[in-house]
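These features come from TrEMBL:
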| type | residues | note |
| --- | --- | --- |
| TRANSMEM | B:36-58 | transmembrane segment |
| DOMAIN | B:37-220 | domain 'MacB-like periplasmic core' |
| TRANSMEM | B:283-308 | transmembrane segment |
| DOMAIN | B:287-399 | domain 'ABC3 transporter permease C-terminal' |
| TRANSMEM | B:336-358 | transmembrane segment |
| TRANSMEM | B:370-389 | transmembrane segment |
Amino acid sequence: MSEAVVELAGVVREYPGAPPVRALDGVDLRIGAGELVAIVGPSGSGKSTLLHVLGTLDRADAGTVRIDGHDVGALSDAQLSALRARRIGFVFQQFFLTPGVSALDNVADGLLYTGLSLRERRDRAHDGLAAVGLTHRETHRPNQLSGGERQRVAVARALAGSPSLLLADEPTGNLDTVAGRGVVDLLHELHRAGTTVVVITHDLDVARSLPRQVHLRDGRIERDAA
Amino acid sequence: MSGRDVSGVGVEPSRLRPRDVLRVAGSGLRARPLRAVLSALGIAVGIAAMVAVVGISASSREQVNQQLDALGTNLLTVAPGTTLRGETAALPADSVDMVARIGPVTTVSATGTVPDAAVYRTDRIDSGQTNGLAVLAARPDLLETVAGTVAGGRWLDDALGSFPAVVLGSTAAERLGVTRTDGSVAVSLGGEWFTVVGVLDPVPLAPELDSAALVGWPVAASLLDFDGSPTVLYERSAESQVDAVRSVLPATVNPENPEEVTVSRPSDALAAQAATDETLTTLLLALGGVALLVGGIGVANTMVIAVLERRSEIGLRRALGATRAHIRRQFLGESVLLAALGGVGGALLGGAVTAAFAASRGWPPALPSWVLAGAAGATIVVGALAGAYPAARAARMSPTAALTAT
């Protein structure tokens, strides 16, 4: 079996309140390098919390989280930031592109916190946009792009730092069927090129099109089917 | 599972270049240009007020200095003062010659008050209605000694001194409504008609001449019952000897009662006048400081709102690998940049106000460089203070809270 990019063991995440909400309740999950995995479940199942834990944006209350070999629980906030800057790429449902900034510079911002020079960042962003088939849209601003194109720009930004793990949170949620299929095809393409991709979705059709589906319900893994 | 080491070997730390801090801060402002301009305006008003206040007072001081340079500071005036019994004392008729004999004295001149004489435009005005204009007998060398100039017409030279000719001080000419100096205008002076032959410019070192009608010494004696005793002596000496001359003047002009004599240095009065503006300048400067403080609060307010509005941006940046320090630096930089924008605008505005005001007064514009340095420093401090709290708040925000807020 290939090296593990994600290793969760007995992960619990509880939000304070009366009564406290247990968003993750003892999750064990192993994702190997190069896998394409869907994490699927109804809303409130803990998908988003799991994404945050995988992306080291949130810490587990119990259990161990290893991302790309690093024990997240033992890392400082600055070290987690470093991990996100260099090893993890994020794609969000709302794209979160910077308005008024060209597609090229939006992608280049994916490398902003690596300390590379602007010229180097733009060079790589150029290649990244080519990889998602948007070379002709380099100078366009987000409001001049279609939804599908925006999400492809966001994917290019997430990939700019060649991360070990690409996390996509409902990447097709704001797209029509055709544009959504285009993004899913893009993720397949990345998978074939060797990128580890985790897609969080409530859309069963999207989930079914991916090689492995992890079903989440009430903070537990209900089914893990390849 | 041996894995890669956690604490360094594996992952290089996040890094944000200083130049990129500036870029990111600048792009934050560019995203909302109107808001940036409006909140920078507060700072600009404060800085402009302070720069203009200092600039205008520096220009005024510069004007006085230039004036003193041109007029000289070696003029002393000697007045008889009052006797012990409170009467106006008189200077001896030969006091002018006595002063001229003091070694370092280069020029000496005098005016003498013509008693009970008034000057009117016509002889039909009730003589009880005085107009505050004095009639003075003047020696021919007076104008040169007090560094006065003629605005129109001519001065009373030796030839004119014996004829009924009058030269009016600037205020006197204005009050009498005299503008023509071609000899076509005559004024009634002590019951006699005197032809106006000249009008003076204001005399900064001898402002008492501005509201006087000046006639020749001989004609004052022959037509106006002037007794020939000078009332005020004007004297210039070598600059280095002014103090020495000053100390011997009273005994020279009035050997019997030197304590009655008052000697003054008009240039001191001019300089003192410039110095009295200092209090007002300090007050206005403090007002400018208050405006700057209010501007700073405006910037802080803008930044607090920006942090609240841009939670998802903060979340995205944390996801892209920004550390808390990077987020803090971004918002702090934005705040300082915002204040600096106002500072530059304010300095330009203040400089323009100074230049315009100085031009309207005919002053040389002066703006000390420490004012600009001070303005720049104040701006950075205000920006940093205003941004400190919002930036800390942005940095403390948890990435997940920032991302899930919409």
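Cβ from N, Cα, C; glycine included.
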At a threshold of under 8 Å on Cβ distances, which of B:36-58, B:283-308, B:336-358 pairs most often with the transmembrane segment (B:370-389)? B:336-358
Take the transmembrane segment (B:283-308) and find every residue of the same chain, 6 or more past its ends, with a Cβ under 8 Å from one of its Cβ atoms. 28, 32, 35-36, 39-47, 49-50, 53-54, 314, 331, 334-335, 338-339, 342, 378, 382-383, 385-387, 389-391, 393-394, 397
Can you break down the domain 'ABC3 transporter permease C-terminal' (B:287-399) into helix, strand and coil residue counts using DSSP? 99 helix, 0 strand, 14 coil
Across the domain 'ABC3 transporter permease C-terminal' (B:287-399), the model's average pLDDT, rounded to a whole number, is 92
